[in-house]
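Contents: one structure, followed by commentary.
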Ligand code: BGC
């Protein structure tokens, strides 16, 4: 395998998210996000850590962009913090926030690196959460205004846009289980959040298309290959339901298929929140779909789990190789996912917008020898290539992540970076995986 086997138009990149790297939580007029508030609450985050400083990307963006350049990575995915641009989520615009992203974008372009902007990577303005956040249908117009501001401010230089990051994770963890911000739980909150997210995704796609007509517009989904724990019919049906819930709930309405309600009966309750032209308005013809795949899950039937009657068989109990997130290392998952999404005719193009792994990296004599991560990336790339060679329209691969960063409720313990961060000194050390990628990408 070499770079050329993927074709000359294949997009190689690295991904990040504002809240996980920027820090400067209240600098230059930024408003509070739901994650600022969530991390300030007791026992929500392992080790009671917060992201007030994180990787200090807000100040060190030039250092990190220079590192991206030194690793020969031509594309950089980052997200915009909505409360940095609009401290109250609606209304007043914070020019200093816009200036900051202008500096980042301009420096990327100066370094010959293409910006890929995510509009929403989970840091909702807290002022909007006080109005119900994703459970309030007004979020459709709030988000349209925010999208318009981003498109008008940056659309002259940014061509690649992604509306959402992983809706199934932020609605599930944040509005059903309550383990992510804003910490809401229960079926009603979850279903409203799901439906409004779907409406917003399509609506924001339309706003981008109108304002930046030649943009390359996408949105991203987390996806995981699901297998039944046994050949028993009830385990197979449980796996089928979990697959529909995790992998199909958000993509299918966007491409005009509606929610997978016959496979996940509880989603029928979504009809309560549907109105007027929703079926039409949920559809948008994205230029690409971003897939983010890390592992596989094994599923068994469970009468104790409400609504879905299925449970995951944890990787730790299966005697398999795991990452620091306790996720199984299973490279064929990304192949199966690509084949699965490849069968949707309405998907024009797929880009792997995140893939990577957390391992317990250590600095030894100034070096980080992360063989496991290097192998993880190589093995996943082989599976992406296999799918591509079999005709799946996969056109890019972005590693999660550039640097170690704030891993949400897990705090700083899991290290996902190609670059090690010493959080006390903010020193960066390129890991062996980063050096491998640099050499791989420099091959002609
Ligand atoms: C998210 C990232 C996260 C990564 C590793 C994805 O779910 O988009 O924000 O850090 O996976 O957990």
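Any Cβ shown, glycine's included, is placed from N, Cα and C.
All TrEMBL annotations are machine predictions without curation.
Taken straight from TrEMBL:
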| type | residues | note |
| --- | --- | --- |
| ACT_SITE | 166 | active site, proton donor |
| ACT_SITE | 354 | active site, nucleophile |
| BINDING | 20, 121, 165, 294, 400, 407, 408 | substrate binding site |
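Recorded features from TrEMBL, shown on the structure.
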residue : record                    : contacts (Cβ under 8 Å, 6+ apart)
20      : substrate binding site    : 51, 54, 55, 121, 401, 405, 406, 407, 408
165     : substrate binding site    : 17, 79, 118, 120, 121, 122, 220, 292
166     : active site, proton donor : 220, 221, 222, 292
294     : substrate binding site    : 224, 323, 325, 327, 333, 354, 355, 356, 357
400     : substrate binding site    : 14, 15, 292, 354, 355, 356, 416
Fewest Cβ neighbours within 10 Å, where candidates are the recorded positions 121, 354, 407, 408: 407
Extent of the substrate binding site in Å [max Cα distance among 20, 121, 165, 294, 400, 407, 408]: 18
